[in-house]
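> Mind looking over this structure? Questions follow.
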Amino acid sequence: MIKVTDVEKSYQSAHVFKRRRTPIVKGVSFECPIGATIAIIGESGSGKSTLSRMILGIEKPDKGCVTLNDLPMHKKKVRRHQIGAVFQDYTSSLHPFQTVREILFEVMCQCDGQPKEVMEVQAITLLEEVGLSKAYMDKYPNMLSGGEAQRVAIARAICINPKYILFDEAISSLDMSIQTQILDLLIHLRETRQLSYIFITHDIQAATYLCDQLIIFKNGKIEEQIPTSALHKSDNAYTRELIEKQLSF
């Protein structure tokens, strides 16, 4: 289980004369058990990405903790084979001077250190699993469409056989039709690989399509946590505002 407990994070102001800290994430707590698919929904600037970095162990909270099976997530040996990640900006998350083969091999070497012949077969299988042929093995990221690049990023994330994958606005830069294809792929992988997801997004429609639990995030705090099936019954003012902006029931 991933457990986020009373997490807080602030950053130093860059202003020369006002060296105070600005709180970004404020006392956030929630749990993501095995088998869960949880969306964290919030508008731009709400602190979602800061929270995602703490969940991934990239940053440590100023206060509180993030644990995986009661062990601190910021320790690499805890998270190394347990959680994968897919980000919005595939152009920076995929090394521009590596082929798809090299991108996948790099992760495989860190995890298993298999012979190249074995890794070649595994990489082709991974690509097929995300809907790409082995012809993509020798392509560079700049030769891929946005949807293809995100499929490679997903292949890299599942390469370590994780129990969890965190998606940080992973489909927001894609066309609507491609978004649906990627969401369908994530549903398929969740079922076949028994994955758990933390899906960070501003898009309620995508969140309700994929996830069974929704966390509504506003100004660094959890405004509401609600099952997807009960979203249309929410009486929270901010949740209703987001629904009215994005959905019609």
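Don't overthink the numbers, they just go from 1 along the chain as shown.
Cβ coordinates come from backbone N, Cα and C, glycine included.
When I checked Swiss-Prot for this same protein, it listed these features:
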- 2-244: domain 'ABC transporter' (DOMAIN)
- GLY42, GLU43, SER44, GLY45, SER46, GLY47, LYS48, SER49: ATP binding site (BINDING)
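Mind running through what each feature is packed against?
Note: GLU43 (ATP binding site) has non-local neighbours HIS202, LYS218, LEU242, i.e. same-chain residues 6+ apart with C-beta under 8 A of its own C-beta. In three-state terms derived from DSSP, GLU43 (ATP binding site) belongs to neither a helical nor a strand segment and is classed as coil.
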> Taking 10 A as the limit, how many CB atoms besides its own sit near the CB of LYS48 (ATP binding site)?
23
> Taking DSSP as the reference, which of helix, strand or coil describes LYS48 (ATP binding site)?
helix
